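Visitor: So TrEMBL has the following annotated:
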- 39-285: domain 'G-protein coupled receptors family 1 profile' (DOMAIN)
- 24-45: transmembrane segment (TRANSMEM)
- 57-76: transmembrane segment (TRANSMEM)
- 96-118: transmembrane segment (TRANSMEM)
- 138-160: transmembrane segment (TRANSMEM)
- 201-223: transmembrane segment (TRANSMEM)
- 235-256: transmembrane segment (TRANSMEM)
- 268-287: transmembrane segment (TRANSMEM)
Amino acid sequence: MQLNNNVTEFILLGLTQDPLRKKIVFVTFLLFYLGTLLGNFLIITTIKTSQTLGSPMYFFLFHLSLSDTCFSTSIAPRMIVDALLKNATISFSECIVQVFSFHFFGCLEIFILILMALDRYVAICKPLHYMTIMSRRVCGMLVAVAWVGSCVHSLAQIFLALSLPYCGPNVIDHYLCDLQPLLQLACANTYIINLLLVSNSGAICTVSFVILMFSYVVILYSLRNHSAEGRRKALSTCISHIIVVILTFGPCIFIYTRPATTFSMDKMITVFYTLGTPLLNPLIYTLRNAEVKSAMKKLWSKNSISDDR
């Protein structure tokens, strides 16, 4: 549904209009993006090729790295290229595609984090039934539900975006297309749309965060009955997950759970969760996980031996 739309393209102001700063943005975020691709591709390859990383936790980590890669790719390449242009524009249809992909992979990451928390809960609180409950078939179904749920969420965002009339202003004071910047360009009262945005994206972020933090509190409390070695290993894994949860949900809650107002820090906060978090996630999971580090070393040594031959 597209109403009274006279706008065919939008002008993206980006992070800055200063030529020197735009060059700094180009170099900085090109390195960020390449680091994101390298880190997540390394995790994906390691999990796929390693025989020791076959547990459900690594199955979900594989999908988390995949969603991080796609999430960053939905934003970073255009942002990097736009930093080289004097006037960056995006067509209306491209803008809608970016809104869909941005929300699809962002929501998928949230759902995968919930599945990872569920996996840790079953592993620590129901260890005797772990392989029965978290079977390969069940994990596959849970991931499929996450993909479908993300698609439903993103389609809701598209419906909201297309329901707005755009009949004049087309300058977006941002480096990406999202509903918050688009609301400011609509030539209509956006109060109801903003409420729907908060109840959709805002609710997903807030409710998911509360569920995740509560689940990790329960998990950490249950560790008191485990051995010292078991507590140490489980605590290391859970702390990694909690750090990722806070880094992911903090910025999202700030952006999507408030009225359609703009703050000067919004762009930098958006940069953090669109480019920073996907870059940090592989570092957090590899540096704090002995099994992943060991599997990566084996993969590296195997490739080195192959090269020598």
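Keep in mind that glycine also has a Cβ here, set from the backbone N, Cα and C atoms.
Keep in mind that what you see is a predicted model, and the values were worked out from it rather than measured.
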Visitor: For the transmembrane segment (235-256), which stretch among 57-76, 96-118, 201-223 has the most Cβ pairs under 8 A?
Guide: 201-223
Visitor: So which residues does the transmembrane segment (96-118) touch in its own chain, when a touch means Cβ under 8 Å and the partner is 6 or more beyond its ends?
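Guide: Distant Cβ neighbours of the transmembrane segment (96-118) are 57, 60-61, 63-64, 67-68, 70-71, 74-75, 78, 90, 139, 142-143, 145-147, 149-151, 153-155, 157-158, 161-162, 176-179, 182, 201, 204-205, 208, 211-212, 215-216, 219, 241, 244-245, 248-249, 252, 274.
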Visitor: Over the domain 'G-protein coupled receptors family 1 profile' (39-285), what does the predicted model average in pLDDT?
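Guide: Value for the domain 'G-protein coupled receptors family 1 profile' (39-285), mean pLDDT as a whole number: 88.
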